[in-house]
Amino acid sequence: MAGLQRLASHLPVGVMLPHNTTEAPGPHSAKQDSYEQSDSSQQSLKGHLRNNFQKQLLSNKELTLDKVHTHPKWNTKARSYSYPHCTGISHQDAGSDFQGQGNGLFYSSGPQSWYPKANNQDFIPFTKKRVGVDRAYPLKPVVHRKSCSTGESGTDGDQNVYPRPPELREFSSRNFDVRNQVNFSVVDPVLAAMQAEKALANLDRMEWVQIRRLEAAGESLEEEIRRKQILLRGKLKKTEEELRRIQTQKEQAKENENRELQKIIFPRSRVKGNNSNTTHKAVFSPEFDFEEEFSRDKREDETWERSQQNSSPFQLSDYRIQRLKRERLVASNNKIRDRVSEPSMEKFSPPSETPGGALQGSARNSSLSMAPDSSGSSGSTEEPQLGECSHCGRKFLLFRLERHSNICSRMQGSKRKVFDSSRARAKGTELEQYLNWKGPASAKAEPPRKNNWRQKHESFIHTLRQAREVQQVTAKGENRSHLPPILPAENPDYIQCPHCSHHFAPKVAEQHIPKCKTIKNRPPPPRKHYS
């Protein structure tokens, strides 16, 4: 009994015993049969202990399974504990001796804290029969995912590691597969749903941001369009006002022109239709009419100065054009009135006695003779009389001759002195006595050239004859040496140099002769005396 109790105390916890004691776990050797026959009493006690131990193991398994299913966090812990212990178990060979010394660690499928370690110093004598291995139902091949060292080595270096029972292996592998299936079956749709929700949320956000941007751009465009519309309306109003002002000014200018034309036309009709009494009225009326026009122009200028502040450059240009037209009309009216009033003034004016009066009368007559062409009132076609100026000899109309003669006499009588800067600088200095205060050198009167055209003609004919003779001789094939030498042609205009007897043109001779004189008058160089 003491030996059995000792055996039970040292029995490993992780060993999976068979359920039925009658079933043989595997093939038996001859030594095992002899051992069983001799010790049958011990076998009965072993069977009783095995049954008790199996019941405890089953109860512990049920508790662990309940805890694993109730607490999902322990699933990962159990899985982490189960894998390394499964990989650390190695099977012994069938022919190996089971009674050898073994110091390995034995673990269960549960956590390590529930099962104590086996004592390394105690040795359990077993038969060669392997406990917990059913040869009729072989186990599935174990896949070693992680190699785990037991961490404790025996004294002799041999480790007898007992394998896990087949039920625990099957249960752990099935539990692992079930957990993986549950985890993947639960996690995959959840992750897919989360990813789909995130994608939809991102799309919604992007669409919302784009919509906000488009709305902001549309609002900014609407504001710009409103501003531009307001500006265009203001510009249209301004242009309409300017056009109205221009139209009113044009209408006023047309009315003024019509009034002036009427004033010009009515006096002519009065002059043509009325008698001599009306002519006297026409003679003296222009002064009053001119005063009225002058006062009216002043009033218009004042009104223009007032409106100038609020007027545009186009309006100013229109006003200037109108003013020029008005001035031209006034000038033409004055000319017409002067022409009409001159005959009547001649009737009342006394005869002039001075020669200036005669000139004025002739000038008036000439102006009257020239005027009908522009006015069209008289049809005379007399030519204008011209008078010659006694100072410059030019001809002018008689009414312009007097004015020109006065100006021309002043210009011809006054002789302006030319300012000499050298004399002004030298005045009052020692240089004044050395300067030659001569007037400007008068241009030398060149003598008239002699007309030597006959000599030139004769020399030209002589050269032509000599050239013909030479051509005839060459045509016959004779020698030219028999002909007399050709004399050089003498140009009568050329001047012969007295020093070198060469002929030069007059201007060239003037430069050549003094140079040639100095060259010829030089003394000869001294002779060299050779020793």
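Please read every residue number as a count from 1 along the shown chain.
Here the Cβ of each residue, glycine as well, is placed from N, Cα and C on the backbone.
The shown structure was predicted, so the numbers you read here are calculated from the model rather than taken from an experiment.
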Residues flagged as zinc finger in Swiss-Prot, choosing from 115-144, 385-414, 415-444: 385-414
Per Swiss-Prot, the range holding region 'Disordered', considering 145-173, 290-318: 290-318
Segment confidence, the zinc finger (385-414), expressed as mean pLDDT: 86
Where Cys500 (Zn(2+) 2 binding site) falls in three-state DSSP terms: coil
Sparsest-packed among the binding-site residues, when each Cβ's other Cβ atoms within 10 Å are tallied, from Cys497, Cys500, Cys516: Cys500
Env. residues of Zn(2+) 2 site, Cβ within 8 Å of mean position of Cys497, Cys500, His512, Cys516 Cβ: Pro498, His499, His502, Phe504, Ala509, Ile513, Lys515, Lys517
Cβ neighbours of His512 (Zn(2+) 2 binding site) where a neighbour is any other Cβ within 10 Å: 17
Residues of the zinc finger (493-522) by DSSP state, where helix covers H, G and I: 15 helix, 4 strand, 11 coil
